[in-house]
Amino acid sequence: MFPLPLFGLLFISASGFEPPAEKKKEKESEEEPECHGGEKRKSKYDTIFTRGDLLEVPRTLFIHFGIYLGGDRVAHFIPDIMPVISSDQYRISQMVSNTRLLLGVLAKCGSVRVDSVEDFAYGADIRVNPMDKVLSHAVLKGEDVARRAEKLEGEVPYSLLWYNCEHFVMYCRYGTVMSFQTFQFCKTMRKLLLSQRVAKSAAVLALCWVLYLQAVSLCSVLLAVILPFLIWMAS
């Protein structure tokens, strides 16, 4: 378990309070009349994207995914420590910083949140994901996709490999939970770790370790043989 209360000190001590002008702006924004499908207003992005579109933005080591809801709003699943350490909705609603994101990954906590297109993009280029053309799964209607994303909004356990932003959008748009990025990562790790070269190296290291400790017993010999054998067979 991570000392989550200690994480809170990083933000509670460093973050300031909301200026009155910002509070007023937020209140006015909340009081805007909503349109059909939960949309608050029309935006320039409504001419580019359609409600229910699967959007993607490149990051340094991965691709981040989200569902366009219309009215300059994107639902996306992101690791975030803030909902765990604070109940202040204003702090939680602010754009997730890299520190918040990293701590969320380590603590395995995240949230499905709705942000503006600019906040979702975080300075990167946005494009509509072309997965519809390569998947055999039927694509749900745009309105159904958006409604699924909206219903899942809130705090959700996060896993970098087994439940991330791609799993979330795949469920919303196709009704299946999967991640091509996780598949590619596991495939790459398999090539790196489960190879004949690694098996041979493990056998040599295990033999050297047994001889160095001068502890030639049945258990040590079995360990020195079984581990390289398993790697060899899996390679």
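All residue numbers here begin at 1 and follow the chain in the order shown.
Just so you know, glycine gets a Cβ as well, placed from its N, Cα and C.
TrEMBL has this to say about the protein:
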- C165: active site, acyl-thioester intermediate (ACT_SITE)
- 20-40: compositional bias 'Basic and acidic residues' (COMPBIAS)
- 54-181: domain 'LRAT' (DOMAIN)
- 20-41: region 'Disordered' (REGION)
- 1-16: signal peptide (SIGNAL)
- 209-232: transmembrane segment (TRANSMEM)
DSSP helix/strand/coil residue counts for the domain 'LRAT' (54-181): 49 helix, 36 strand, 43 coil
C-beta crowding around C165 (active site, acyl-thioester intermediate), within 10 angstroms: 22
Per-residue pLDDT averaged over the domain 'LRAT' (54-181), given as an integer: 92
